[in-house]
């Protein structure tokens, strides 16, 4: 075949292919037009439109059927604000729900040095919160961690029952004093940082900085070292500024979404307030605090969360629960501190004032931070002559204890009442064990109430401190 024949043959093939493509295109166009026309004729028969409003999390499904429009709205409820509508459960004994054994693990693991731990819950779980020292136990920076206030401290949270490590701890905020609570929707946290005479409290809501509070007495602004409490979107916090051994200046501060909505200076007969352990019930908040100036009996603050008002006084019983403390008294005081030697300085503690089911916690030793016991004292909050009815040992007196405080899982739907819970800090190292180590840290145990009587047992820290030498 000569070149001209090849050219004509190729052109013929190209023309045939082009015609075939054209016919295919025409048939496709006809099919699309037909389908579109059928779709248009039935378009209004059954159309579903879904609108999601992210703010209110409301889904609206609109069904169009011929000429009738039917709206069906389904509200997807966010967890609502916590309402303190229940009373405290009756308790017949206490059971351990968590023990992290942090110091025992710390002999070989990289456990973070902490103090001032506490427990706080949200709708999903309960966690431990603690103020770290910016180091681990086996790190040389752990030397001299007896100091309460340094620039290296900050609040962390860890799963309850797990010792705090770098990998399992979540950073919350910088500071050397703290409180934190959940309002049912988001968590509010306060940390105090800076110089003793010029400190600042930072307030966070949903992990975002919302406001700050500057010292008002220029003498170690400080707060609870345990959880605050919220009701109907308002969270209440007790803060103190001023001397630890003289008249100080305490405020009860109310927050909404991390913003201050009201402040009250301390009212009532309490002479000195520090490190309150608070719990909610019956639309009220009760705080059991520390009088570091005079009283071996604990002051209490009672807060009406509807009126946003408070008053203060002392636990009435003559059974004293601060450390150091003199011997128990036959008759207590409701409106004045009970003094005596040994007295100051005091320790953070707690109690659950529930009429004839009242329980108070204290160290077993009246002088040292050792041992821990729970005492059932009916009507201790109101009766100066109330006496110990039951006693449960938590930590034997030959083991170190420390701070203690209250917490409640307000979102436990298995109960029609709030089950009281508490934790005990188990301090190890300096100052009591200074001949072995240069650091101060702690482990933690947490306990909750049982509706029936329980057995016995002691739950100390359990670490052999000489292994760290």
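FYI, residue positions are counted from 1 along the chain as it appears here.
Placed from the backbone N, Cα and C atoms, the Cβ positions cover glycine too.
Residues near residue 275 (substrate binding site) in space but far in sequence (CB under 8 A, at least 6 apart, same chain), listed by position: 222, 224, 225, 226, 289, 290, 348, 403. In the three-state DSSP scheme, residue 275 (substrate binding site) is classed as strand. The feature substrate binding site is assigned by Swiss-Prot to 115, 149, 274, 275, 290, 369.
Under the three-state DSSP scheme, residue 291 (Ca(2+) binding site) falls in the coil class. The Ca(2+) binding site feature in Swiss-Prot is assigned to 291, 295, 322.
Summarising the environment of residue 89 (disulfide bond), the number of other Cβ atoms within 10 Å of its Cβ, over all protein chains shown, is 21. Among the features that Swiss-Prot reports, disulfide bond is placed at 89-417 (among others).
Per Swiss-Prot, disulfide bond is recorded for 121-126 (among others), and the stated evidence type is sequence analysis. Over all protein chains present, the Cβ of residue 121 (disulfide bond) has 19 other Cβ atoms lying within 10 Å.
For residue 228 (disulfide bond), applying a Cβ distance below 8 Å and a minimum sequence separation of six or more within one chain yields 179, 180, 181, 188, 190, 235, 236, 237, 278. Annotated disulfide bond per Swiss-Prot: 181-228 (among others), in sequence order, evidence recorded as sequence analysis.
Neighbour density for residue 235 (disulfide bond): within 10 A of its CB lie 29 other CB atoms from the protein chains shown. A strand conformation is recorded for residue 235 (disulfide bond) in the three-state DSSP classification. The annotation disulfide bond is assigned in Swiss-Prot to 230-235 (among others).
Sequence annotations record features per position, and here Swiss-Prot assigns disulfide bond to 276-289 (among others) based on sequence analysis. Listed in sequence order, 224, 226, 238, 287, 288, 289, 290, 301 are the same-chain residues at least 6 apart in sequence whose CB falls under 8 Å from the CB of residue 276 (disulfide bond).
Taken from Swiss-Prot, the feature disulfide bond covers 278-287 (among others).
Summarising the annotation, Swiss-Prot assigns disulfide bond to 316-334 (among others). There are 23 other CB atoms within 10 A of the CB of residue 316 (disulfide bond), with all protein chains counted. Secondary structure at residue 316 (disulfide bond), as computed by DSSP, is coil.
Mapped onto three states, the DSSP output places residue 421 (disulfide bond) in strand. Annotation comment: Swiss-Prot describes 421-448 (among others) as disulfide bond.
What Swiss-Prot records for 28 (among others) is N-linked glycosylation site, and it gives sequence analysis as the kind of evidence.
Residues or ranges marked as N-linked glycosylation site in Swiss-Prot: 32 (among others).
If you look up Swiss-Prot, you'll see 46 (among others) marked as N-linked glycosylation site.
Residues or ranges marked as N-linked glycosylation site by Swiss-Prot: 55 (among others).
Residues or ranges marked as N-linked glycosylation site in Swiss-Prot: 66 (among others).
For 85 (among others), the entry in Swiss-Prot reads N-linked glycosylation site. The number of other CB atoms found within 10 A of the CB of residue 85 (N-linked glycosylation site), across every protein chain shown, is 13.
Residue 369 (substrate binding site) falls outside any helix or strand according to DSSP and counts as coil. The Cβ of residue 115 (substrate binding site) has 130, 131, 133, 148, 402, 425, 427, 440, 441, 442 as same-chain neighbours under 8 Å, each 6 or more residues away in sequence. Under DSSP, residue 181 (disulfide bond) is assigned to a strand (E or B) in the three-state scheme.
Within the same chain, residues at least six positions away from residue 198 (N-linked glycosylation site) with a Cβ under 8 Å of its Cβ are 215, 218.
If you draw a 10 Å sphere around the CB of residue 232 (N-linked glycosylation site), it holds 16 other CB atoms from the protein chains shown.
Ranking the recorded positions 85, 291, 295 by Cα distance from residue 149 (substrate binding site) puts 291 first. The Ca(2+) site is defined by 291, 295, 322, and by the 8 Å test on Cβ atoms against their centroid, the other residues of the chain that qualify are 272, 290, 292, 293, 294, 296, 297, 298, 299, 314, 337, 338, 343, 346.
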